[in-house]
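Participant: Found this in TrEMBL, in case it helps:
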BINDING   A:Cys121, A:Cys126, A:Cys153, A:Cys156  Zn(2+) binding site
DOMAIN    A:19-109  domain 'Aspartate carbamoyltransferase regulatory subunit N-terminal'
DOMAIN    A:115-164  domain 'Aspartate carbamoyltransferase regulatory subunit C-terminal'
Number of protein chains: 2
Amino acid sequence: MANESTDKNSDKHGDKNNLRIKAIENGTVIDHITPGQALNVLNILRVGANFTNTVSIVMNAGGSRGDKDVVKIEGRELTEKEVNAISLISPKATVNIIRDFEVVQKGKIETPDSVCGIVKCINPNCITNSSEPIETRFVVTENEKKKTLALRCVFCESVLTEDLIQFIE
Amino acid sequence: MANESTDKNSDKHGDKNNLRIKAIENGTVIDHITPGQALNVLNILRVGANFTNTVSIVMNAGGSRGDKDVVKIEGRELTEKEVNAISLISPKATVNIIRDFEVVQKGKIETPDSVCGIVKCINPNCITNSSEPIETRFVVTENEKKKTLALRCVFCESVLTEDLIQFIE
């Protein structure tokens, strides 16, 4: 629940000026998200207008192009596939699982060596874009020039290097 | 800045369990947004991955399908056009302008009688969808059956009744 007070008589730097968001009882805190990627994380998690649990998001925490984004989702734990997808757009993120107000699992996301069924191949002629029932599979490498992640399709060797979010299914 | 603590030893219901978001120094608080509409408000305000100021969002504040969404944006005041667009998807929202930590303007959004240059007409043959330099203009009415807003194009009489967000330019 948001508890907000910004009236003129309140202490300028006191508690009353804060929007305070309650701790979540059960759910997931995704912290240290690359600044600007919080909304893409919500897209990966399919959290939109129809999601009914409480979600708190801070983008650019710490000021202009701050050091991170944060997403807290009540009543939701992430699947391995979702964590892998997040790792592609935000390799330094951490995922903390909360149960009964306590952190029961805390950890940095590890970028997997390969990702299956997460990313759509850019090549329209790739067998994964045909009617064959074949799951996509990409080897995760580094884009050395830009120090970002790159993905190589094991079927057609196409390489995805930029804006990976647009290829995440 | 997010100040978070969820370690096992902290008081389960105390301050330490809260994610606290600092009051904004200059900017806008959009409160009482219809639950689920916060991300559409961000779309209207063109706040995405490239926006560099701090933004805090709470969806479904108050628990499952809670009573409201809230959006706080640092260093940004809204234009009349943006406020009118928000009124179409969230008629009960309030917009508070903050300067130097104080609320200098506070008010309910008033749904305008008509909206110009905000909504794209659904009719491909409408003159506003031709190459003529004519701004769109819709009369705002009520969808009596559903107690929601409806828009009537003053040029072609097309009526938009549902999912108005998809027509907002």
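Glycine is treated like the rest: Cβ placed from N, Cα and C.
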Participant: For A:Cys156 (Zn(2+) binding site), which residues of its chain lie six or more apart in sequence with Cβ-Cβ distance below 8 Å?
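Facilitator: Listed in sequence order, they are A:Cys121, A:Asn123, A:Asn125, A:Cys126, A:Ile127.
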Participant: Taking DSSP three-state, what's A:Cys121 (Zn(2+) binding site) in: helix, strand or coil?
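Facilitator: A:Cys121 (Zn(2+) binding site) sits in coil per DSSP, no helix or strand.
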Participant: Can you give me the residues near the recorded Zn(2+) site, meaning same chain, not A:Cys121, A:Cys126, A:Cys153, A:Cys156 themselves, Cβ no more than 8 Å from the center of the site's Cβ atoms?
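Facilitator: Checked against the 8 Å cutoff, the neighbours are A:Ile122, A:Asn123, A:Ile127, A:Thr128, A:Asn129, A:Thr136, A:Phe155, A:Glu157, A:Ser158.
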Participant: From the DSSP assignment alone, can you count helix, strand and coil residues within the domain 'Aspartate carbamoyltransferase regulatory subunit N-terminal' (A:19-109)?
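Facilitator: Breakdown, helix to coil: 17 helix, 37 strand, 37 coil.
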Participant: Out of A:Cys121, A:Cys126, A:Cys153, which of these binding-site residues shows the lowest number of other CB atoms within 10 Å of its CB?
Facilitator: A:Cys126
Participant: Would you list the DSSP helix, strand and coil counts for the residues of the domain 'Aspartate carbamoyltransferase regulatory subunit C-terminal' (A:115-164)?
Facilitator: 4 helix, 18 strand, 28 coil
